[in-house]
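J.: Here it is, the structure, as structure tokens.
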Amino acid sequence: MGARASVLSGGKLDKWEKIQLRPGGKKKYRLKHLVWASRELERFALNPNLLETVEGCRQIIRQLQPSLQTGSEELRSLFNTVATLYWVHQSIQVRDTKEALDKLEEEQNRTQQKTQQGKADKGVSQNYPIVQNLQGQMVHQALSPRTLNAWVKVIEEKAFSPEVIPMFSALSEGATPQDLNTMLNTVGGHQAAMQMLKDTINEEAAEWDRMHPVQAGPIPPGQIREPRGSDIAGTTSTLQEQITWMTSNPPIPVGEIYKRWIILGLNKIVRMYSPVSILDIRQGPKEPFRDYVDRFFRVLRAEQATQEVKNWMTETLLVQNANPDCRTILKALGSGATLEEMMTACQGVGGPGHKARVLAEAMSQVTNSAVMMQRGNFKGQRRIIKCFNCGKEGHLARNCRAPRKKGCWKCGKEGHQMKDCSERQANFLGKFWPLNKERPGNFLQNRPEPTAPPAESFGFGEKITPSLRQEMKDQEQGPPLTSLKSLFGSDPLSQ
């Protein structure tokens with residue numbers, strides 16, 4: 001520990017131990033914080049001996065600062081410790097860690113301003129086609145072959161995909177109409193697309209002439225003429241006129257106007273080269289959500305719509321056209337979820353790991369339900385029990401403490417029990433079952449009588465014996481043949 005604690009000594013160590021960890025807090029820096037910082041530097045593959053000097057602390061700060069946004073709490077604590085130690089080495093008094101960080105930010109801002117001022121003093125930037133020479137005159141600097149080569153390479157590799165438009169905008173920054181025409185003329189193939197671009201430029205030039213008519217009369221001395229549509233397109237204007245328009249006071253940005261026309265035509269070409277509609281972009285069953293989002297926004301860039309419409313497409317169609325697994329997750333996030341939250345939530349959906357996890361969760365729910373049912377914790381619909389003796393709920397009649405009710409528990413009448421009660425027990429004819437054990441009225445009361453004449457009336461059959469004749473006479477004395485007593489018990493014709 002001795003070697004690690006040798007970072008500070010004497011008066012510097014006393015100043016170190018007077019600095020508070022937090023504004024208004026009681027805890028202060030101690031020697032153990034320097035020991036911890038040395039160990040952390042070794043863990044981050046940095047030399048702990050850098051803590052002993054001002055320049056060493058500055059190098060550590062320069063290494064750790066870019067990682068603060070995504071770093072851990074240990075990394076931030078190490079940065080705060082080194083920043084505080086940086087001011088102790090310079091014998092500059094700070095009260096707490098926050099004051100040390102504020103002073104460090106002020107110092108970095110002053111250094112950055114000096115650097116920018118030094119670059120400005122060296123001369124005008126050479127990144128734009130129109131530059132100022134040593135005599136103070138605005139002159140034109142032609143596009144470099146490197147810029148033209150980059151543009152041609154983009155067209156050859158990407159054809160007219162949506163990313164061509166921002167690439168063209170970046171390469172033509174500050175260009176004159178003559179420079180823009182040079183870039184368009186370097187495109188060898190895709191002549192059909194270039195003809196479409198020329199038609200769009202001619203339409204916009206005609207619209208410009210209609211909105212900006214020529215002033216009547218001669219041009220006053222010392223003034224330049226107003227540019228026409230063909231002048232903006234670079235066909236009827238010279239390079240010097242274009243520079244004059246772009247550098248006059250107030251300036252007429254003919255280069256930016258022409259660039260806007262070209263981008264409008266490129267949008268139409270991109271739309272033609274990307275025939276897929278945003279409505280047709282759907283996520284496959286096993287397609288990762290990240291790849292689906294890439295395809296979605298690639299086609300969205302080619303859509304000819306305002307930014308508000310594109311935002312609506314992103315909020316609605318991105319969720320609607322996802323596969324069922326991702327759509328369930330995205331709807332659970334709500335409508336205010338960011339794209340980062342969506343991609344984080346759907347990461348790994350559709351793969352074998354996700355399917356195994358879903359299956360495990362389903363099996364876990366089934367197992368938990370079975371365990372709860374076995375333990376008697378299943379909360380189903382409880383059956384309400386009611387006492388037939390007192391009429392109250394919560395107990396049965398055999399457990400009732402009230403006096404025993406006489407008679408039937410169902411209808412309240414005496415003379416029969418509840419099992420023999422006919423209350424609300426009617427047959428399908430609407431009549432109650434009789435209390436006696438007779439058959440209901442819709443059943444046969446007795447064996448039906450045959451209505452056919454006797455066999456001897458036809459002159460064939462067995463010989464009639466005296467006993468058989470006596471039996472037939474007894475049957476003739478029975479009820480009339482037209483009686484309905486065989487079917488219904490109370491026949492009015494039999495009375």
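Cβ atoms are placed via backbone N, Cα and C, with glycine included.
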J.: Of 7-31, 407-431, which span is tagged region 'Interaction with Gp41' by Swiss-Prot?
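T.: Spelled out, Swiss-Prot records region 'Interaction with Gp41' over residues 7-31, not the other listed ranges.
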J.: Pick from 213-221, 231-239, 240-248, 393-401: which range does Swiss-Prot record as region 'PPIA/CYPA-binding loop'?
T.: 213-221
J.: Swiss-Prot tags one of 406-423, 478-495 as zinc finger - which one?
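T.: Checking Swiss-Prot against the ranges 406-423, 478-495, the zinc finger one is 406-423.
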J.: Using Cβ atoms and a strict cutoff of less than 8 Å, what residues sit near the zinc finger (385-402) while being 6 or more residues removed from its termini?
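T.: Same-chain contacts beyond the flanks: 409-410, 418.
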